[in-house]
Amino acid sequence: MEDNNSAYAAPEDGHLSDSDLDDLEWAEETLNANPQSHSTRTAEKPKLNTVSKLDDATDALAAHAAKIRLDNVKEGGDRETDKSDRATAELVLDQRTRMILLQMINRGVVSEIHGAVSTGKEANVYGAVLEPEDDGQEPIQRAIKIYKTSILVFKDRERYITGEHRFKSGPDKRNNRKMVQLWAEKEYRNLKRLHAAGIPCPQPLVLKLHVLVMGFLGDKRGYAYPRLRDARLTGEDVDEQWRSLYIQLLGIMRRLYQVCGLVHADLSEYNILYNDKTLYIIDVSQSVEHNHPQALNFLRMDIKNVGDFFRRQGVDTLPDRTIFNFITSPEGPNEEPALSEAIEHLYETRQAVEETDEAAAAAEIDTEVFRNQWIPQTLQEVYDVEKADQLMDADVYRNMVARSAVLPAAKKTTDDEAADEAGSSDDGSEEGASIDTGSEGTGDEGRFEKGPPRGKKHIDKEEKRQHKQAVKEARREKRKEKIPKDVKKRLVAATSRKKK
């Protein structure tokens with residue numbers, strides 16, 4: 001007779017399906033909700049072990065447990081461990097996450113997982129190594145980003161989620177894992193956009209729930225590239241190097257907006273890596289599309305952060321308004337070297353500013369006004385087209401999204417009407433003469449022409465007084481011919497038939 005438990009035997013490769021991981025999560029939540037009943041439930045467990053597949057798979061994956069090392073390797077060297085290190089690891093490495101990591105090792109995505117490369121408010125990044133099949137090749141470095149699920153520090157995600165089509169059904173605030181899973185999928189897709197556009201960034205490789213495997217931005221020994229904030233430039237032309245990096249970053253921001261259709265929404269020296277005169281963009285989980293309701297506000301915030309950092313490095317930066325118009329303008333190059341040449345042209349064509357305290361204060365006020373100014377993005381937000389055209393001609397919000405849809409069409413319509421009027425005036429045919437000399441009410445203009453306004457409020461006071469007097473005279477004449485009431489009653493009674 002076949003054993004009943006054979007139907008639940010674990011596969012040889014120790015693979016866990018999504019349903020198995022859901023069962024594991026359900027068991028964790030049940031145990032945490034009522035830990036006292038755990039011993040009773042274990043004693044009353046039925047003979048048929050329905051989770052034998054999960055237990056056997058766990059034992060099969062346990063052979064790779066030693067390949068997960070939690071030593072911190074950010075500084076590169078031996079160091080003592082304490083409670084803080086274990087607590088940092090446990091913020092993301094729960095039992096469910098360990099199962100996912102063991103699966104990745106078992107499938108050959110990575111061979112070993114090393115210590116934390118960086119820690120943040122939403123996720124921890126760990127270094128990993130993939131051993132090549134050939135012995136002569138060097139190991140391939142990988143980065144594993146594990147998003148925090150059980151203990152969430154970054155909870156203020158409402159402004160990034162509201163208006164995002166991937167969260168159109170609304171985030172499930174009761175289930176942190178589902179929300180974080182969508183957050184991880186969002187970064188995975190954003191990284192694919194950046195990588196396809198040729199923007200320097202980590203290459204996305206594998207995504208499993210809230211665990212993202214990426215290419216490692218660092219050297220062959222596993223040391224990550226420094227952040228732009230920690231970069232130390234050397235040489236005699238340090239100022240020129242910082243200026244070159246500033247121009248390079250402006251070009252990346254334009255390509256990010258025009259080619260990828262994204263706004264970083266958290267661009268600063270902390271989310272940019274530097275190596276060999278090249279900037280690498282990281283942490284794009286909060287990036288939004290350019291049609292997001294807050295996209296232009298996020299873009300102005302990114303421009304401010306970038307400008308503040310490079311000004312501290314002594315770089316002559318462009319005004320925020322100029323950078324905003326350059327990034328959002330649909331016209332212009334998106335590839336190098338034409339992109340850098342366009343930025344250099346902005347330096348050449350900008351207005352000269354006097355180096356006085358009054359001029360500096362005026363420029364600062366203009367920048368603050370621009371940062372807090374409301375800019376319409378859709379046609380529904382444009383109430384007065386003529387006023388919007390005047391503001392854009394004044395360079396207030398010249399490159400708003402609705403400009404290309406509203407104003408060219410309105411201008412074209414005006415030009416066509418002017419051309420038609422000129423053509424009709426020059427036309428000497430009989431048909432044209434008949435139209436000009438026709439009777440009133442013929443043609444579209446006659447049919448839809450509005451008459452004088454009606455109503456008491458549009459009547460002149462003197463005319464209103466005369467009308468009132470005429471009404472009184474008409475009523476007075478009517479009362480003279482009126483039959484008295486008693487006479488009317490007698491006549492009615494005499495002419496009516498008596499009831500039998």
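Quick reminder: no glycine exception, Cβ is built from N, Cα and C everywhere.
Quick look at what TrEMBL annotates:
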type	residues	note
REGION	1-47	region 'Disordered'
COMPBIAS	19-28	compositional bias 'Acidic residues'
COMPBIAS	31-40	compositional bias 'Polar residues'
DOMAIN	82-329	domain 'RIO kinase'
ACT_SITE	D266	active site, proton acceptor
BINDING	N271, D283	Mg(2+) binding site
ACT_SITE	D283	active site, 4-aspartylphosphate intermediate
REGION	410-500	region 'Disordered'
COMPBIAS	416-430	compositional bias 'Acidic residues'
COMPBIAS	459-476	compositional bias 'Basic and acidic residues'
COMPBIAS	477-500	compositional bias 'Basic residues'
Rank the recorded positions D266, D283 by the number of other Cβ atoms within 10 Å of each Cβ and report the first-ranked residue. D283
Quick check for the class: what is the C-alpha distance, in angstrom and rounded, between D266 (active site, proton acceptor) and D283 (Mg(2+) binding site)? 8
By a three-class reduction of DSSP, D283 (Mg(2+) binding site) is assigned coil
